[in-house]
Amino acid sequence: MIMLNIGPFSFHSRLLLGTGKFPDFDVQQKAIDVSEAEILTFAVRRMDIFDAKQPNLLEKLDVKKYTLLPNTAGAKNAEEAVRIAKLAKASGLCDMIKVEVIGDDRTLLPDPVETLKASEMLLEEGFIVLPYTSDDVVLARKLQELGVHAIMPGASPIGSGLGIVNPLNLSFIIEQATVPVIVDAGIGSPADAAFAMELGADGVLLNTAVSGAKDPIKMAQAMKLSIEAGRLGFEAVRIARKRCATASSPLEGMSVVE
């Protein structure tokens, strides 16, 4: 498969895995291992990265194996998002940041105005910027025009497991994209992840679908395989849909039985 390129980074895996809500560190580590994800995302606000006495994910991981993608979850405006991003960078983490500015507490949908503003501010600060956005086609284009390094449209509300509720909009975002499109939020099953990849997405970021599964380790492996299968299917190019049947067996050269 073709590698996933984000800014100066290249990755074999197209699965980006969130690290929250796992039952314990052991299950989390095993799920990460079997997923073969190379990018791990986490909320800076949920982790006291400056307190050596506070156990956290970074102590348990061989961080040299992964690219860490801190996110600005909890930010309500652009200024808060920038402040969180700078905190992550000051701690020595990767300067790649997932911009997450929530505008509605019920749906957890992003604030489009503040997301645009935060992305612009962080680009000026030299960050590699990956904004979480809705499936708004125009907003995705405006973010792209700013110079962000990837677009991360949600398939459906965060943690809902509803899958891709608006494949048409998602396909429009993918068709106009000049940067990677990583489907983020709402994925519930391996079929959802495969569908996103078949639409032409460059990657899938998920968390709850794995951490909330009855068997997170098996689900992590299932997601890995479904994303690989979906991408291979996209690269292979599926047959055209037709209204009528087409025989799959050749008719030429067949003997006629009387």
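Backbone N, Cα and C define each Cβ position, glycine as well.
Copied from Swiss-Prot, the annotated features are:
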type	residues	note
ACT_SITE	LYS98	active site, schiff-base intermediate with DXP
BINDING	GLY159, ALA185, GLY186, ASN207, THR208	1-deoxy-D-xylulose 5-phosphate binding site
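This view paints the features noted in Swiss-Prot onto the structure.
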| residue | record | DSSP class |
| --- | --- | --- |
| LYS98 | active site, schiff-base intermediate with DXP | strand |
| GLY159 | 1-deoxy-D-xylulose 5-phosphate binding site | coil |
| ALA185 | 1-deoxy-D-xylulose 5-phosphate binding site | coil |
| ASN207 | 1-deoxy-D-xylulose 5-phosphate binding site | coil |
Out of ASN207, THR208, give me whichever of these binding-site residues has the highest number of other Cβ atoms within 10 Å. ASN207
Return only the integer: C-alpha distance in Å from GLY186 (1-deoxy-D-xylulose 5-phosphate binding site) to LYS98 (active site, schiff-base intermediate with DXP). 16
Cβ neighbour count (10 Å, all chains) around GLY186 (1-deoxy-D-xylulose 5-phosphate binding site) is 24
Integer Cα-Cα distance in angstrom, ALA185 (1-deoxy-D-xylulose 5-phosphate binding site) to LYS98 (active site, schiff-base intermediate with DXP): 13
Using the structure shown, find which entry in LYS98, GLY159, ALA185 (the recorded positions) has the sparsest Cβ neighbourhood within 10 Å. GLY159
